Amino acid sequence: MLLQEPVQAAIWDGLNHYAYNDATFLAERLYSEVSSEEALYLLATCYFRSGKPIQAYMLLHKCGCPSPKCKFLMARCCMEINKLPEAEEVLAGNILSKSKSFDELEQEFGSMACHVFSLLGAMYSKTERTQKALDCYRKCLKLNPLLWSAYEKLCQLGEKVDPSQVFQVPSQKPSTPAPQMTQITEKVVNTCMQTPVANLSEVLKSVSDVSQTSIENKQQQTPLPQCTITYSTPECLQDLAPAIPPRLHRKKPLPLLGSPLSPSFGILPIDTPSPQPQSHTLPFITPSPVAFSESNNTLEIRAPSKKPVTRRSQNQNQNPMPKPPVFSVSGNTNTRDIHNSQTGLHNNPPQVRRSSRLFGSNNSSSVKENNKSQGNKSGFQSPKTVGRKSKTRSSKSQQELNEINKAELLTDTKPQQNPEVPTQHQIMQMQHHWYFTLVTNGKAYQALAQYDCRKAISYFQELPVHQYNTGWVLCHVGRAYSELAEYSKAEKIFSKVRRIEPYRLEGMEIYSTTLWHLQKEVELSTLAQELTEMDKNSAEAWCATGNCFSLHKEHDTAVKFFERSIQVNPNFSYAYTLLGHEYVFTEELDKAMSCFRNAIRVDPRHYNAWYGLGMIYYKQEKFSLAEVHFRRALLINPQSSVLLCHVGVVQHAQQKSDHALITLNKAIAAEPQNPLCKFHRASILLASDKHKEALAELEELKQIVPKESLVYFLIGKVHKKLGNTHLALMNFSWAMDLDPKGINNQIKEAVDKRHVTEDDDAVARLNSIGLEDDLGLDVDEPEAGPGIDQDDLQLQAIESDESL
Amino acid sequence: MATKVTANPDLDVFKEERQGKLREVGGQAVWSLSSCKPGFGVDQLRDDSADTYWQSDGPQPHLVNIQFRKKTTVHDICIYTDFKSDESYTPNRISIRAGSHFNDLAEVEQIEMSEPVGWISVPMKDVNDKPIRTFMVQIAILSNHQNGRDTHLRKIKVRSPVQDVSMAKMPKFTSPELIQLSYIK
């Protein structure tokens, strides 16, 4: 029994320093020596973190999962290896029999409950139990509003969540006298060592009782995150001395508190920094960093007796520091990161020692560790969002920590009188600032999920500059522009992302599609090359490559790359959609259909896939089905005028021309400058014999897109119907000129028909006109045959001037 | 009767495919051969490699049968041969027939090649100069160079024009603005 703790400490140390082989070896020896549940958990954790979820799964399966931690890890492994029913059974009981309610789950898992709910939400959403998934995610957010991915998933499932409700600044508690550090620490330490998680609430309550006793230390109370306790009220937590967390985390890894996910950086009460949001605290109980524990063991005992003064002074000194680390804006990584820095902040009484550690490897390692552990948590996929923001954060926090330390060193014994007033205010400010960032990001993301792109962009632009210029934000802004079909703007934003964060992979598939739309071959192939060089296991890289070949019209190769992208990540719905589009290009409509259906299976709100299905049915002339699918896409993305346009076209094909016109009017009202809608409206007007209106529409269109050959073709057709053969011929010839590759054979055919019905003069005229280039058209006028009367000549002159 | 065709190694037969006007549809068909040497069969013929080839192993004429599931518009057939490596195995006279099934084939084109190296494109035009629409195409090798018995064919491609959907349904825009808008990807 005595041997256990140092070994455990060593194992945690190994894990924290990524020495997975060492940790695994030790864990295996420990487990064979003492087959306790803690040892089992440690061993499974070692396997999981070294990237072997299957081994962890098999181990846990064989030995059963006695403790909630083990259950959670087991469920995580099952998710990793795609055994969803087992994962669910482990966490929530049998699917068939009555499964546990949320309260039971909360009770059972305590501090981990938010992660459990997050995992359950993922499970339910994969098995199409959307309502349950939504409930789980909401619960998760209630327990811990800083789990950004839960918020993201809620938005992606189409739920309208109010970010200002979710990310709330907890009410500021008046600073209550901090409990005697010594008393509390000892008590907590003792109780923590022995009691199971569930009892910690009692512990904390007792601690808070103690804290009622006023003490010299007038420190600001931080809601101590502590331990678990989903029940613990913010008050209770807040009353706890800041001291506790540091103590706790200096403890040897407490079996109960340790979770595989929170790396040793426990939350740290940012001492003075303000009351953290309750939720904020929960998940980050710190299993004390092994790094500290061993060496600190001896210190530990001294600490309580040592000067609280120093601590206080430390705290006070730390007050003025803005604590960006504290309020991580978006995402787990940030919070972890913050905690890292927090850990650093809470120095042991031997201040100097700590600060040296702060400056030195600790911080960097702790920071990295956080990221790494996050990465581990996500199952060793290529660290996607994991490192992104935290990296930008960590550099900042490092600096801040350095500053803090310097401040500490300098003002060692600051009197304790008036720390609170300025600091409290500053802390409030910082807090609000951070929550503002969180809420803004939340609002923007929600708007984007509802495809309200303009709003999303405006929300994002409310962020401060340094927040705006981060990969995540810019990628989403770029995506918003690309959804609005403003591809050049999107391209600029994405190239900025590439400059700022060249290692960012998410969102690059949208960038590649944007480049595809803009037909920028060089940039697209550069992007594809760079991404595949960076990471051959990323679906986005292969999507970009596929898009590159698709732009070069090598559809078979493109298909190959999209299939590879699907292989790499079967849950990446966009890859299926892109593959479907490729199959449409190669006219393999059945395969295309199955691809789009797969995309919808993975993500029911992927409106591109619905659009793709609609297009297939349209090509197969099954117009009613096409309309159904377009409308479904429209439900998801109501702002897209292109979709409305397609609905209108389909309605027209079904002979419902009036409805079609109404729909197109709606589309044009939404986006008056959209040439596509105008074009289709004009062609429907032509088909319904409303020539004057069609002409008017086409004239407007000519102003917007003067170089579009089909516009002139349509004008020509209108004139042909009206009987103005000269005008018709002229427009056809213009259309042909603007279409050098002869993409539209119909123009030629229409002209040919003219040949058949017209006399030689007309033919000659046409030939001469057709042979001229655009510039030469002006010259044609005087060469016009004798048949033209003055009016026509005038008209021609006017029209030619306009077009050229 | 027979059209004389020479293979020009520099001829870019696939320009139109890249432009998006033609598409290879051999993948949509069932291929069969009159005879073949083991290891030198349909796979080697259709594997898009100039190094592998089909070697026949029976009496002349040697046949390559291509049967489509649905009536397909065939624009032309491209055959890759290499006199320098194959010499007497290189086909000399090829007849291409089309129809609904084996007993309904009519000759569309007969070509005579002399020492071809590279791709040869045989256009499949009907009486009105339009690409033929057919269920089945048969390539018959009537004779080889130097009166060789068996033949080597390295690659064959069957190309079909990309269908122009009517303009009203799916207009193909030429200006970049409209092209970008017309498609949601």
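Glycine residues also receive a Cβ, built from the backbone N, Cα and C atoms like all the rest.
Since we're looking at a predicted model, the values are computed, not measured.
Summarising the annotation, TrEMBL assigns repeat 'TPR' to A:114-147 (among others). A mean pLDDT of 90 is what the model gives for the repeat 'TPR' (A:114-147).
According to TrEMBL, the feature region 'Disordered' maps to A:267-401 (among others).
Residues or ranges marked as compositional bias 'Polar residues' in TrEMBL: A:329-350 (among others).
What TrEMBL lists as compositional bias 'Low complexity' is A:357-368.
If you look up TrEMBL, you'll see A:374-383 (among others) marked as compositional bias 'Polar residues'.
According to TrEMBL, the feature region 'Disordered' maps to A:406-425 (among others).
Annotated compositional bias 'Polar residues' per TrEMBL: A:413-425 (among others), in sequence order.
Per TrEMBL, repeat 'TPR' is recorded for A:471-504 (among others). DSSP assignment over the repeat 'TPR' (A:471-504) gives 27 helix, 0 strand, 7 coil.
Summarising the annotation, TrEMBL assigns repeat 'TPR' to A:539-572 (among others). Remote same-chain residues near the repeat 'TPR' (A:539-572) are listed as 505-509, 511-513, 515-516, 519, 521, 524-525, 527-528, 531-532, 578-579, 581-583, 585-586, 602 (criterion: CB distance under 8 Å, separation of at least six residues from the stretch ends).
Here the repeat 'TPR' (A:573-606) has long-range neighbours at 156-158, 449, 509, 513, 539, 542-543, 546-547, 550, 555-556, 558-559, 562-563, 565-566, 612-613, 615-616, 619-620, 636, meaning same-chain residues at least 6 beyond its ends whose C-beta is under 8 angstroms from one of its own. Look at TrEMBL and you will find A:573-606 (among others) tagged as repeat 'TPR'.
Taken from TrEMBL, the feature repeat 'TPR' applies to A:607-640 (among others).
Per TrEMBL, repeat 'TPR' is recorded for A:709-742 (among others).
Look at TrEMBL and you will find A:775-794 (among others) tagged as region 'Disordered'.
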For the repeat 'TPR' (A:573-606), the DSSP residue counts stand at 27 helix, 0 strand, 7 coil
DSSP composition of the repeat 'TPR' (A:709-742), residue counts helix/strand/coil, works out to 28 helix, 0 strand, 6 coil
